[in-house]
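Trainee: The feature compositional bias 'Polar residues' is assigned by TrEMBL to 305-318, 336-345. If you look up TrEMBL, you'll see 355-373 marked as compositional bias 'Low complexity'. According to TrEMBL, the feature domain 'Ig-like' maps to 26-149, 159-245. Summarising the annotation, TrEMBL assigns signal peptide to 1-29. Sequence annotations record features per position, and here TrEMBL assigns transmembrane segment to 251-274.
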Amino acid sequence: MVSLPRPPATSLLRFLFLGLSTLASPSRAQLQLHVPAGLTRLKAVEGAEVVLPAWYTLQGQVSSSQPWDLLAVMWFLEQEGKDLNQVLAYISGVTSSKPGVFLVYSMPSQNVSLRLQGLQEKDSGSYRCSVNVQDHQGIKRSHSSKTLELRVLVPPASPSCRLLGVPRVGTNVTLSCQSPRSKPAAQYEWERAPPSAQVFFAPVLDAIRGSLSLTNLSSPMSGVYICKAHNEVGSAQCNVTLEVSTGPGPVVVAGAVVGTLVGLGLLAGLVLLYQRRSKALEEPANDIKEDATAPRTLPWPKGSDTISKNGTLSSVTSARALRHPQGPPRPGALTPTLSLSSQVLPSPRLPRTDGAQPQPISPSPGGVSSSALSRMGAVPVMVPAQSQAGSLV
């Protein structure tokens, strides 16, 4: 075999055949190309081979002393939306063709049938045979052509079976089956394998889409389900195992776990919020308000009052109260004044031998109240009374 001529050469040969057919004289012998009746449409299976039958006859041939020499035989493939494609050519004793394409008989021969081997789906289309002959002197010419249609069929490829849904008691599931390649389109059947053999029909079975709907599942529906994909040239199958569960599905368990974790998280958050709020309420109560004003009068404890002989209650500031405050005084704060405060209490008069009148001790005008002294740490003490003579009484 030799390589195919380029497309421009193919077009040139077509025009040549048309020209020769036009120039052929009707008074001379005519060539007629034939194909079997009813075989203009052929079908073949992918991977197999097919023969496109064709032969020609000459009408008006006077005698065998005037043999006709074969000039040219050409086969073309016509496909919708594509350019004309030459698959074989026999011209002047030289044959050129594409791989897997042959003439059934050696040339020269009036049988110009074409053989195609190793068919593929892309080989489908219309095949046109063109034949042109002339005598050995190149004077008498004739041309004829015929077309045959070939359709390459593809058996279903191995389908894929899937289970859609959660197989639990009382739920619904769908068994899906699809073949990735089939020409023509595959039809689907579902059946249940033994020992509980069962064949399914519409409406639960969709033969076009390959789906089987199972509703209200129960434990006895568990088993192996087989899907068969088929067309007119072949079939293939797959299977899926259905196990109906009586317990909660994994989705339900996962949902319960997630819900529990979320609940615990919310509870922990509420506890932390409550603790923070309680702490925030306790802190203001424990703070010491330094700017608070002390009460004006605070009664002395009963056990710390001591009445002297002349009926006078006295107290002096302690050494701690006499200390000067550190740092400058704060605006608005109380500044203690170191003084001796006394409070005159009524008491019965006692007779005096020297006739002198007792002089009550009045509180200093600038003195500090007893409550302020108490807050500054003052300790009440008893001062002995003295007479005018200087003796203790």
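Here the Cβ of each residue, glycine as well, is placed from N, Cα and C on the backbone.
Describe each of these features in terms of where it is and what it packs against.
Mentor: Computed over the domain 'Ig-like' (159-245), the whole-number mean pLDDT of the model equals 94.
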Trainee: Count up the helix, strand and coil residues in the domain 'Ig-like' (26-149) according to DSSP, in that order.
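Mentor: Each residue of the domain 'Ig-like' (26-149) counted once, the result is 3 helix, 67 strand, 54 coil.
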